[in-house]
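Below: the structure, in structure tokens.
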Amino acid sequence: MTKTLTAWTGIDVSKNTFDIAYVSTEKGVPFEKDIPFHRIPARKFPRTLTGAEDALTWLDEALGFPEPFKEHVWVVMEDCGRYAEELRLWLSMNKGPSICMITPSLTAAYAKSRGLRNKTDRVDARLLALFGQERKPKIQTIPSRTYQILKDLWRCRQEYVELQVAEGNRAGQPLQIEAVQKIRKKHLKELQDHIDRVEKEIKKLLNRTPKLKKDVDLLCTIKGIGFLTAVMVIAEMGDLRRFARSRQVGAFAGLNPSKFESGTSVKKTTIISRKGSAVLRAGLYMPALTACRFNEQMKTFYERLIRKGKSKKAAVVAVMRKLLVLMRAILKTGVPYQEDFQKCASAEKMCKT
């Protein structure tokens, strides 16, 4: 019987370079926790397209796995921003290895569990390789180029909005000379022009992509969800249809409940985990408040939670999560939001019986 070999590869990314290390094993063989660090092969490459190709060539020569490469080699990287995202795209070209992106907090906790005394780029790469072999994280699907462009445009808009808010606060300060006030007003106008230009680019992208435009239009049928909120959700989460379960949508945004209990004496108040997109949570708060007032379904849900003793803020957070679940359901079914959907469904069921 032919042995099936696999390799878990760890990559630690910095601005100009990245370190790569691998641990290979026979598929199905139990993981050995006592692999010495000094026996784990590791190398440094420049963080360029050529460097990524050289790293894959080095892996291919060292491991000698048959095609397809991605069925034998898994890469573990920290999700630490644009440097890692760009390298991920380079590695995934031309049927590259399967890639897992994990949060840096997982790496830090794993390093502490192994009692490591040193922290270098090479040590981190070896650590990520061992983490992959032991924990076997899930492979993420790389979003299409269209979703990446939409996310870049949305993040660009958010940066300008934050600058606009900060400049507006400074412009409102008292005892400013006239020259300073004129400069600040001019800067505010320039920032607004930039925001308008980015929003035009977003609309152009949607017009070029009928599927994306249809998704935004479907989300806008929900009372409380406007155009910018719909764009924000799709830009940050990608295609909501990719989530197998509704609870995964809330967890992605960090809106899932988190308990802290121990024995009979320690029982803290249940809070949200916040282990997710802070951009999503911030962007959904005001739409949730609007939905609590003008969306009858969400208003009923909000008032029921208040009657049960939940605080107003906790009830709003629950509405935020419910809105995300509702958005996923609408995109999966392709049916626009109907406020009296449940009543109509019940009436139709009664007519059939």
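Every residue gets a Cβ built from N, Cα and C, even glycine.
TrEMBL annotations: computationally assigned, not manually curated.
As written in TrEMBL, here are the features:
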- 188-215: coiled coil (COILED)
- 10-173: domain 'Transposase IS110-like N-terminal' (DOMAIN)
- 217-303: domain 'Transposase IS116/IS110/IS902 C-terminal' (DOMAIN)
Next item on the list: Over the domain 'Transposase IS110-like N-terminal' (10-173), work out the mean pLDDT and round it to an integer.
Entry: 87
Check: Per DSSP, what is the residue count of the domain 'Transposase IS116/IS110/IS902 C-terminal' (217-303) in each of helix, strand and coil?
Finding: 49 helix, 8 strand, 30 coil
